[in-house]
Amino acid sequence: MRVTVFHNSIPASITAAQKLTKLLKSGHFELDERHPEVVVTIGGDGTLLSAFHRYADQLNSIRFIGVHTGHLGFYTDWRDFEIEDLVIALKEDSGQSVSYPLLDVQATYADATSAHYLALNESTLKRLNGTMRTEVYIKGDFFESFRGDGLCVSTPTGSTAYSKSNGGAVIHPRLDALQMTEIASINNRVFRTLSSPIITAPDEWVTLEPTGRDDYVMTVDQFVINPPTIKQIRYKIAKERIHFARYRHMHFWDRVEDAFIGAKH
């Protein structure tokens, strides 16, 4: 099995990565940073997001495993004191995995160029100064004219991240749906939006067409993109999926409870 270890720079992660690398070598695993079959991330959810984007062009052949060295991570199933148990699980691996939907982001600019991105959690559109104005279409049909600070489009797993902070619903990842939430929308007698999260069907897509300004900022997960003048952004569920090696089974709602409520501890 080809394995690589991807870690952040905090001391606990570096120590855990060194220990894991040593055990992998003694266990006769092939360490392959370029074309791994399994990517073990050590850190937190941010580290896993970075690894996802690092290997976004190899998603069909890679499974991810998350080890957290700080606070509990939503994508991480292992703690740094369980490194030996993780290596045993890798040795007994039979290919078991679980997959989650991803967000396909297609941006078209006023100069006729375009860019394509994949997001594990979410993508947002905001304006640097003043009120953002954008037309919103669902499956090609006009839905509303939005005015406010911004819009957030998320995956089911991303529904527990920034989208939740915007009042979005938590969506089970078995649903191939995307969710759009508003960021401080303007609502009065003149300007009206739905003022509610929108959850779309698997065959639907959301299109944003911002109007009149070139100071918009787009984010894709943790990355901030300052593009040229945006003509259109189209969001849909991607054909690609992210795969996690699943040696332990933790129900999604148990994971949500553990991350946000913690009443069982």
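Placed from the backbone N, Cα and C atoms, the Cβ positions cover glycine too.
ASP45 (active site, proton acceptor) has a Cβ environment of 23 other Cβ atoms inside 10 Å. DSSP assigns ASP45 (active site, proton acceptor) to a helix in the three-state reduction. Annotation source Swiss-Prot lists active site, proton acceptor at ASP45, citing sequence analysis.
Non-local contacts of ARG147 (NAD(+) binding site) by the CB criterion (under 8 A, 6+ apart in sequence, same chain) comprise THR131, MET132, ARG133, SER185, ILE186, PHE191, THR193. Taken from Swiss-Prot, the feature NAD(+) binding site applies to ASP45, GLY46, ASN121, GLU122, ARG147, ASP149, THR160, ALA161, TYR162, SER163, LYS164, SER165, ALA184, GLN222, supported by sequence analysis.
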Which entry in the list of binding-site residues, ASN121, TYR162, ALA184, has its Cβ near the fewest other Cβ atoms, using 10 Å as the limit?
ALA184
If we count other C-beta atoms within 10 Å, could you say which of the binding-site residues THR160, LYS164 has the fewest?
LYS164
Using the alpha carbons only, what distance in Å do you get between THR160 (NAD(+) binding site) and ASP45 (active site, proton acceptor) once rounded?
12
If I take the alpha carbons of ALA184 (NAD(+) binding site) and ASP45 (active site, proton acceptor), what is the distance between them in whole Å?
26
